[in-house]
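Student: Just passing along the structure, written as structure tokens.
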């Protein structure tokens with residue numbers, strides 16, 4: 001486990017921000033990935049004062065993580081001012097004012113490039129998407145593994161509307177899928193993409209909001225047992241995880257210890273909660289028979305000002321010198 005400052009409670013493992021430099025194991029740098037479902041139209045941003053913000057600072061205080069994965073980022077591809085503001089908040093200066101792709105800020109922190117994946121709407125509405133901030137040091141080091149920022153569909157009996165078909169009168173005549181059906185379909189589409197990356201010899205690191213609690217211990221007061229939710233959970237546990245050959249890092253490290261990442265709004269924190277955000281990593285990256293690259297994972301405190309989700313962190317070591325898995329490429 002990482003030697004960073006940890007505080008353990010009954011419900012979650014909390015990683016406390018520290019201003020110390022990155023720890024190392026046998027000379028190998030620790031790589032930190034942080035994930036958060038921000039659930040807000042303008043995460044962290046005041047477009048009039050974008051050099052810093054409390055929300056972005058809550059990330060950067062975590063010893064300058066190399067990767068920041070954000071979900072439920074509502075933006076249109078045309079929202080260039082928002083995107084510029086995100087880069088400014090992360091880097092302390094607008095990319096237009098920065099002299100080249102500097103790898104360090106004046107205060108010693110990392111600088112980042114933002115990668116956006118935004119759903120397109122014909123009606124020009126702001127749809128949920130993801131944004132991944134990658135430290136410039138890693139833009140050239142990425143080799144042998146793949147980081148996937150996941151924001152999976154939340155299931156319900158409401159119809160799922162393909163945003164590409166909005167405004168299409170003929171589309172309304174076609175049978176409609178429910179969000180529960182699309183959720184299961186999405187998970188299988190994601191699995192196919194993972195298999196393609198594995199075939200190239202890449203080790204997979206998935207982190208984000210999967211919108212599925214994997215077991216009874218992951219929910220309080222109770223697990224959703226209605227048929228569509230139980231079916232999605234069964235598919236994920238018995239098909240997705242085994243075929244993707246990934247491991248739930250938190251359970252691998254801490255067994256049945258309770259931890260939650262989602263907290264119902266309007267209720268006392270912890271009275272209605274679930275663990276739906278987590279890290280799933282390639283079996284090869286876990287210890288014992290594997291390479292032992294994963295050092296630890298856990299949950300930060302819920303940000304009560306904005307999202308109903310808490311932060312997930314994942315520490316790994318030696319990720320900058322992996323190379324492709326020859327055994328994997330020959331599978």
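Each residue, glycine too, has its Cβ placed from N, Cα and C.
I grabbed these lines from TrEMBL:
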type	residues	note
BINDING	37, 72, 209, 211, 308	Mg(2+) 1 binding site
BINDING	309	Mg(2+) 2 binding site
SITE	211	site 'Transition state stabilizer'
SITE	277	site 'Important for catalytic activity'
SITE	309	site 'Interaction with DNA substrate'
Student: Counting other Cβ atoms within 10 Å, pick out the least crowded of the binding-site residues 37, 211.
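Tutor: Across 37, 211, these binding-site residues, the one with fewest Cβ atoms within 10 Å is 211.
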Student: Apart from 37, 72, 209, 211, 308, which residues in this chain have a Cβ no more than 8 Å from the mean position of the Cβ atoms of those residues at the Mg(2+) 1 site?
Tutor: 39, 71, 151, 154, 262, 276, 277, 307, 309
Student: For the recorded positions 72, 277, which Cβ has the most other Cβ atoms within 10 Å, all shown protein chains included?
Tutor: 277
Student: I need the nearest neighbour of residue 277 (site 'Important for catalytic activity') among the binding-site residues 72, 209, 211, 309, using C-alpha distances.
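Tutor: Nearest in space to residue 277 (site 'Important for catalytic activity'), counting only the binding-site residues, is 209.
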Student: Whole-number answer please: how many Å between the C-alpha atoms of residue 72 (Mg(2+) 1 binding site) and residue 309 (Mg(2+) 2 binding site)?
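Tutor: It is 11 Å, counting Cα to Cα.
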Student: Sorted by position, what residues of the same chain at least six away from residue 209 (Mg(2+) 1 binding site) have a C-beta under 8 A from it?
Tutor: 35, 37, 71, 72, 150, 151, 152, 276, 277, 309
Student: Suppose we draw a 10 Å sphere around the Cβ of residue 308 (Mg(2+) 1 binding site). How many other Cβ atoms does it contain, all chains included?
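Tutor: If we count other Cβ atoms within 10 Å of residue 308 (Mg(2+) 1 binding site), we arrive at 18.
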Student: At a 10 Å cut-off from the C-beta of the residue listed as 'Mg(2+) 2 binding site', count the other C-beta atoms across all protein chains.
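Tutor: Total other Cβ atoms inside 10 Å, all chains included: 23.
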